[in-house]
Amino acid sequence: MNSHAHSPTTTEARLQRQLDHNRKLREQFERNRISVSQASILLIQYCQTKRDMLIPTVWGDLDVKDDPFEAKTAGCGCSVM
Amino acid sequence: MSSDMAERIANARKEAEYLKDKIREKKAALNDTSLKVMSQELEPLTRINIRIRRVLKGHLAKIYAMNWASDKKHLVSASQDGKLIVWDAYTTNKVYAIPLRSSWVMTCAYAPTGNLVACGGLDNMCSIYNLRTREGSVKVARELSAHSGYLSCCRFMNDRQILTSSGDMSCMLWDVDAGVKTMEFNDHTGDVMSLSISPDQRLFVSGACDSTAKVWDIRSGRCVQTFTGHESDINAVQFFPNGDAFGTGSDDASCRLFDLRADREMNIYTHDNILCGITSVAFSISGRLMFAGYDDYNCNVWDTLRSDRVGVLMGHENRVSCLGVASDGMAMCTGSWDTTLKVWS
């Protein structure tokens, strides 16, 4: 007597899930990856070519006139002594 | 169970094990060094001269989210005082103060055109507000409802499309005009906490409480890559400016950098005396600096390449809940449970 009465639908579902999982694994296997050294070079290159005003030691200080957070004096620009 | 079925399942399992081994082999062969080692010859960054330039005061309760506008001048913040405030970051003026129907807001976003802002939270909805109505007042334009859990993050692709992430473990793409969901992204097994759209808008990355980050193809709805490594909830994700890598922040007290083309973790940013979770991450315009907001009230600044900590921005009196870098890279803004936002430059 069969004491493990699995209904056909649940075992089919199990097989389907496993096959779907395997399909994803196959995609992962076939994916083209670059090496850590190649990825590192690309990241380093990007950091070194994009001007970054938050890093003055590398890119130079911002001119006061280009700094949007410097309070600009309106009117004649006189200061009261 | 028929013996045929049993055999097929057993064969499939064997194939899975074989594929997993082959994947491991392939990945190991590419693991020829580390980003940290490759960056050793770079000059360490010493003088990080970033200080508070503006303090945005006005919220009456904890700030949970902020997002810069594309014009680099305006930003929107969301607080559980039930308000969205749109600020001029240069003058500190409040341009709009928008009362919300639900005060349990967890996220907000500014559309690239500047026409719209969005927010959402425990109401499970994403509410869209039109800032530039003909009548001159700010109005609710749409209430996007379909998530069965809280809205953790929302980001506009353009005025017509917005992406959302939710505690219901899914992400959704919406047509704002039609007010309907056009794509659903399902694969996470935990609350999705954060999302970031790639610069070319073909992909987005999500971080979730299942400790994984997933990259999705927006058009097809498919999860194209999954990244593991974190040991706890990922609270924040942000694309590296070139769109080929992304940073994450987690409750496991570490930030990490993952590269899409290498398909792996590239770096980890952590310190023995950092024991608290990260709430938010953002990169400077070159990607060299990674800003991370922490539960211990500070924002740490990391050298993305060398993984050194190059600065600690102390300025808040409570948890830093959100932060962002303006699109021209000139300023960084932190938002906190201490009810203030601070603009650093």
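Note: Cβ is positioned from N, Cα and C throughout, glycine not excepted.
Quick look at what TrEMBL annotates:
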REPEAT    B:56-97  repeat 'WD'
REPEAT    B:144-184  repeat 'WD'
REPEAT    B:185-226  repeat 'WD'
REPEAT    B:227-268  repeat 'WD'
REPEAT    B:313-345  repeat 'WD'
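Sorting the repeat 'WD' (B:227-268) by DSSP state (H, G, I as helix; E, B as strand; all else coil) yields 0 helix, 23 strand, 19 coil. Confidence in the repeat 'WD' (B:227-268), given as mean pLDDT, stands at 98. Secondary structure of the repeat 'WD' (B:144-184) per DSSP, as helix, strand and coil residue counts: 0 helix, 25 strand, 16 coil.
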